[in-house]
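According to TrEMBL:
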{"type": "REGION", "residues": "1-80", "note": "region 'Disordered'"}
{"type": "COMPBIAS", "residues": "1-17", "note": "compositional bias 'Basic and acidic residues'"}
{"type": "COMPBIAS", "residues": "62-78", "note": "compositional bias 'Low complexity'"}
{"type": "TRANSMEM", "residues": "107-126", "note": "transmembrane segment"}
{"type": "TRANSMEM", "residues": "132-152", "note": "transmembrane segment"}
{"type": "TRANSMEM", "residues": "173-194", "note": "transmembrane segment"}
{"type": "TRANSMEM", "residues": "200-219", "note": "transmembrane segment"}
{"type": "TRANSMEM", "residues": "298-315", "note": "transmembrane segment"}
{"type": "TRANSMEM", "residues": "321-341", "note": "transmembrane segment"}
Amino acid sequence: YVTLHNRDLSQRVKPKSDSLAPPSHESRQVGREQTVIHRIGPVSPAPAPLPETGPRNEPKEAAAAAGLEGSGASLGAASKEDRQWKEMKLQLDDLPGILARLSKIKLTALVVSTASAGFAMAPVPFDLTCFLLASLGTGLASCAANSINQFFEVPFDSNMNRTKNRPLVRGQISPLLAVCFAAACGVPGIALLTLAVNPLTGLLGAFNIFLYTCCYTPLKRLSIANTWVGAVVGAVPPVMGWTAATGSLDAGAILLGGILYSWQFPHFNALSWGLREDYSRGGYCMMSVTHPALCRRVALRHCLALLGLCAAAPALDVTTWTFPVISLPINLYISYLGFRFYRDADRSSSRRLFFCSLWHLPLLLLVMFTCKKPLLEKEEKGDLLAGNHGRAVEIRLP
């Protein structure tokens, strides 16, 4: 490039030197030419050619890059596929387990056991047929209530770690099948309690289903009053057991319901304390989330209430006077843990109170059953009262 440029420059200067211009003018042109040549520096040499190994490696590098891009695209497609809705096929072998989780089989077992305790504590001779029918009807009613509860709470259960694997949330069962299962449990259950046991027990069972599904379930997202309503739901089963045996609502039934009512507050409040983040994500109004101090106070208050209820059992002629004495240590222990939960307000104290409540209730009911007042003693007392009443009548007559 420099050579051509100098040649053109010299050609431009050369015709002027051939003209009749004076020598001084020619020397000025040459000087200008030299100046121009001096200002244009040498051009840098051309870059050396690339080594022969470069072009050969280029296909390998391009192939590797294409492989990485392909794997990234496949991973993205797979993750996108995972996020999409998929149709789940229901296997008949999996159906019993799915229905057991839909009906909250562990909670249903607790309901049936407390109803059985109420039946056993009733002051009447034990009737095995009536006991089995009452237990079956109570279990079916509990399965129906729990299934309807899960049907209503699918959008909220999906936001909680504790409930996100429930059958309706995961799509393992259709909502229509869940409702049909609830109807297939609830209608025969209430009919069995009403026709085979007695109408009062059937009425209590229907009332409990209504209270759990139509009152407690929507209240969980509206007010902390849901905890008190839920405690009433848990207190009804032992009352149903008592009425199934006796056919009447007596003071003993109210006492058993009161014990279950008070027990649920330390049990549930301690459980909800460790699940505050979950309940907050689900949008539930729980005392542990919105009123943490009240949550601890209520748990301690009902721990102490268990002491008074157990002391009232012999006064209501349900147990002997040994029951308050024998149950005192376990009631004092759960009250101590309730005080620790109230004072410390941490997960450790709430966990201890919760696990204590798991063994406290069955042990308390067992002690209560062993201290039950004998039926013969009650019959003798009733006969004595009837005899006194007859003598009083005889005295009044002339």
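Even glycines carry a Cβ here, placed using N, Cα and C.
Annotations in TrEMBL come from automatic prediction, not curation.
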- Query: Out of 132-152, 200-219, 298-315, which stretch touches the transmembrane segment (173-194) the most, going by CB pairs under 8 Å?
  - Reply: 132-152
- Note on the structure: Other same-chain positions with a Cβ less than 8 Å from the transmembrane segment (298-315) and lying at least 6 residues past its termini are 227, 255, 258-259, 262-266, 269-270, 287, 321, 323-324, 327-328, 331-332, 334-335, 337-339, 341-342, 353, 364, 368, 371, 373
